[in-house]
């Protein structure tokens, strides 16, 4: 196999040392030139990085997106010069010498923490500690799922590994334990994590706050563990550990690699000062002397260059072999091949939108969480990459795909993922699934208020263009008796403030279907669907097309785009807006009702369209939403009124809270009379 070929050409002796030192000095020089960055980790992890990229991993540097590549995640994202140096040596066009010299500068392809959308070859965006290892669990889940679903006894078409380097900081974060607990439970045998055990944290030696036995904890989580005691020069030990890890196919492996942070620096090695700042000219010189490195800055010695140059033809050959294998597979298993292809490319089957349910005002009213389940189940039949689940609330979030079983260790082809009560890990795992292949459409669910437990991962979804669908139910005081700990208030506006994420709050069946259409189409932008626990009617005038515009008129008894009053609402309050409009019309007023499903989508429409919905000449405007009023001023204007909730909720039947908090038809009518 390819791995053996690569290992057969491994660098040894002097060339190996030279190659590893090249990695170290590219990192040192880039950090020094930027006068900013983290040299310590790349200096300490260069040996394991070298073994992975030069001897073990399968990839094609000229096509960073080849489907069956091994994935590498640098969870300790601050050490990104390690990865940039490796991508540069391996021949990726995304990291040329000039890019290394532009490390951490405006517009460069080598940002201060790895960003998948900036640098082809970087799989996921890391930096907030713990996110990367959790993303890697998602990548490994995706591989295990596709392998179980598409491999045949005579054709292993999906077969790649996920490698991670994580540090002490990642290990301390709760998200890492959540995700690694699931990885052990799922038996993700193709996930191999290297724990850079260097005993240094930013505030000093890890003795000050981190003294647990990490390996024993991982064994308890169901991982295989190995300890490489000399990560600085123990190349054969690193190689043997990887071989052993691959032989254990039913468990993920943690390889604890004890390293010296800043290895080679005579005065700063093994100190926290080498973690996050440049060595300084004097210490760089001392390190050059110490490691016997007589070369100029950013220099790659000829023999090192020529040794690494083989990855370009070998990578092309690996991909060509796989393509030939896939062509054979296609002949034998045409249907499966077509499905797998759509997950690989992200091309949705024609007519998938027609699968979404349609509703009329006569359809029986229902909670939008239940309508969401109808949409999810309809989509699961036509969107092959739809996969997901809930943080132990599937029966409350209504996210079960009824035609599939549970994704488990021995039933990895199934599409219901049981995340357990692990919101943060769930979000980051879904990011990994989304970024594995363009045709994956992962969704995850909990109560909307508990997005507070997963915001770190949701922000990374938005930043890294991971099209995760967040199915967030129990979206307001409308959930009733569970009270203020469970009732979202500030959540809608907080996500509207977050860049590159769609906040959708549908009011009924057609709007829920529209929200799903938007969410599935936005593969580079995550979506949050805020859904009700309480039953709502299907309103006249709502539509899928309207949702796509973010805000649209559902009823209007005026002419010439000049109503006396505009009432806008979202979700469960749209019904209240519509009822109030009916009352006001009986009194002779002309009233327009606007459904405002998504601020972001509305803001993206043309000025003409916005004027057709919210004409500037009409200043009598009212908004109603069971959440914070912050931000509504933008749409109701200086003369308008925003009805909402700017305090915590309460424990009582939902109807009572609505009344006590003034989220009512009467409040709208009173506000209308004040104009």
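Here, residue 1 is simply the first one shown, and the rest follow in order.
Each Cβ is built from the backbone N, Cα and C atoms, and glycine gets one as well.
Around the Cβ of residue 38 (site 'Important for catalytic activity'), 25 further Cβ atoms fall within 10 Å across all displayed protein chains. The site 'Important for catalytic activity' annotation in Swiss-Prot covers 38 (among others).
What Swiss-Prot records for 78, 127, 128, 129, 169, 173, 198, 275, 423, 450, 451, 452, 453 is thiamine diphosphate binding site. Long-range Cβ proximity for residue 451 (thiamine diphosphate binding site), meaning a same-chain Cβ under 8 A and a gap of 6 or more residues, is found for 423, 458, 470, 472, 488, 491, 495, 528.
Positions annotated as Mg(2+) binding site by Swiss-Prot: 168, 198, 200. When secondary structure is read from DSSP and collapsed to three states, residue 198 (thiamine diphosphate binding site) falls in the coil class. Sequence-distant contacts of residue 198 (thiamine diphosphate binding site), defined by Cβ-Cβ distance under 8 angstroms and a gap of at least six in the same chain, are 40, 41, 44, 167, 168, 258, 259, 260, 261, 270.
Sequence annotations record features per position, and here Swiss-Prot assigns substrate binding site to 275, 369, 396, 474, 482, 533 based on similarity to another entry. The number of other CB atoms found within 10 A of the CB of residue 533 (substrate binding site), across every protein chain shown, is 24.
Per Swiss-Prot, site 'Important for catalytic activity' is recorded for 275 (among others). For the recorded site, residue 275 (substrate binding site), the DSSP three-state label reads coil. Non-local contacts of residue 275 (substrate binding site) by the CB criterion (under 8 A, 6+ apart in sequence, same chain) comprise 38, 40, 41, 78, 200, 201, 202, 261, 262.
Per Swiss-Prot, the feature active site, proton donor maps to 423; the stated evidence is similarity to another entry.
If you draw a 10 Å sphere around the CB of residue 453 (thiamine diphosphate binding site), it holds 21 other CB atoms from the protein chains shown. Most Cβ neighbours within 10 Å among the binding-site residues 78, 369, 474: this distinction goes to 474. In this structure, 482 is the one among the binding-site residues 168, 169, 200, 423, 482 with the smallest number of other Cβ atoms inside 10 Å of its Cβ. With residue 533 (substrate binding site) as the anchor, the candidate binding-site residues are 128, 169, 453, and the one with the nearest CA is 453.
In this entry, 275, 369, 396, 474, 482, 533 make up the residues listed for substrate, with the farthest two CA atoms of the set 48 Å from each other. Of all the binding-site residues listed here (128, 396), it is 396 whose C-beta has the fewest other C-beta atoms within 10 angstroms. The two recorded residues, residue 482 (substrate binding site) and residue 453 (thiamine diphosphate binding site), show a Cα separation of 18 Å.
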